[in-house]
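Since the structure comes first, as structure tokens, the remarks are kept for the end.
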Amino acid sequence: MKLLIVLPILIPFATAIASLFVRRWILAQRILGVAGAAGLLGAALALLKMVEGDGIQAVQIGNWPAPYGITLVADLFGAIMVTLAGLMGFAVAVYSLASMDAQREKFGYYSLLHIMLMGVCGAFLTGDLFNLYVWFEVLLISSFVLMALGGERAQIEGALKYVTLNLISSALFLAGIGILYGKIGTLNMADLAYKLSLEPQSNLINSSAMLFLIAFGIKAAIFPLFFWLPDSYHTPPVAVSAIFAGLLTKVGVYVMIRAFTLFFVQDVGFTHTLILVLAGLTMVTGVLGAVAQNEMRRLLSFHIISQIGYILMGLGLFRVLALAGAIFFYTSRVNR
């Protein structure tokens with residue numbers, strides 16, 4: 001049954017590879033795209049049921065023991081997010097049958113979609129920070145190509161803004177990881193949480209926390225780092241915009257919830273107060289930006305930003321009910 005943890009990563013990967021082999025036959029690509037998305041959703045639902053019944057599940061890839069090997073972990077939060085990713089992927093794959101043009105399908109649309117889903121599911125299931133970085137790079141590359149696919153001027157401009165800011169984000173994330181590893185000597189999230197709980201308050205750890213906040217603040221499009229999103233998300237086809245809005249920024253929020261509830265909890269008076277302030281500013285600026293728009297997809301892009309502020313407000317308050325509300329709101333927003 002441990003295979004269930006790996007399936008949400010393996011199924012999109014296998015679908016993407018198979019789609020490349022039939023790239024000359026659009027009908028075969030469509031069938032594979034929808035079948036792969038349905039398989040991912042089925043595997044995610046089975047994983048969610050197993051976690052709900054048997055508790056947290058973990059698997060060590062290559063049989064290397066934690067914290068040295070690659071660990072995949074499925075708790076209830078992660079399993080719910082994988083299920084929502086599967087549901088979103090299936091809905092977009094079905095919608096793409098009617099909305100996606102043949103030129104984009106011919107140039108690997110379904111392969112890129114499933115590579116991105118693999119990266120998203122990997123980010124939700126990984127148990128260590130370095131592999132989280134790897135999964136973010138997988139979904140960054142695939143999402144960049146999806147955004148630019150078609151080669152229209154507006155798409156290229158939006159994609160360049162998107163990839164430039166996210167590359168900066170990845171560099172900051174890697175720097176934050178380096179500080180943590182140099183200080184603590186591990187990147188396994190569970191081991192990191194335990195060892196940091198034994199450490200005294202440290203400016204070095206706070207520096208790493210700030211790098212994480214900026215890195216994932218860019219990916220989640222919080223104030224004042226959101227300007228790339230309205231210029232990017234409205235340019236690709238509707239199906240691509242839908243999965244970007246439903247999943248990509250939410251992965252950044254997911255990591256912030258993980259990081260600032262598991263291991264960056266030594267100085268909550270500083271870190272979480274800052275998150276609270278940024279959340280409030282994100283809510284307000286997102287709404288004000290939406291009011292100023294006269295094009296629907298740009299308006300909805302600013303609306304996404306304001307909703308991220310609501311989620312982060314619960315994280316900043318750092319109370320059980322506030323976090324429960326943030327996660328509830330977060331999961332309800334993924335498929336909208």
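Cβ atoms are placed via backbone N, Cα and C, with glycine included.
In TrEMBL this protein carries:
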type	residues	note
DOMAIN	127-329	domain 'NADH:quinone oxidoreductase/Mrp antiporter transmembrane'
TRANSMEM	6-22	transmembrane segment
TRANSMEM	31-48	transmembrane segment
TRANSMEM	68-95	transmembrane segment
TRANSMEM	107-126	transmembrane segment
TRANSMEM	132-150	transmembrane segment
TRANSMEM	162-184	transmembrane segment
TRANSMEM	204-226	transmembrane segment
TRANSMEM	238-257	transmembrane segment
TRANSMEM	269-292	transmembrane segment
TRANSMEM	304-330	transmembrane segment
Q: Kindly say whether the transmembrane segment (6-22) and the transmembrane segment (68-95) touch, using the definition of 3 or more Cβ pairs under 8 Å where each pair is 6 or more positions apart.
A: yes
Q | Tertiary contacts of the transmembrane segment (68-95), as residues 6+ beyond its ends and Cβ separation under 8 Å | A | 4-6, 8-9, 12, 33-34, 36-38, 40-45, 47-48, 50-52, 56-62, 110, 113-114, 117, 120-121, 124-128, 131, 188-190, 238-239, 242-243, 246-247, 254, 257, 327, 331, 334-335
Q: May I ask for the residues of the chain that lie six or more residues beyond the transmembrane segment (162-184) and have a Cβ under 8 Å from a Cβ within it?
A: 129-130, 133, 136-137, 140, 143-144, 147, 192, 195-196, 199, 202, 204-205, 207-209, 211-212, 214-216, 218-219, 225, 228, 232
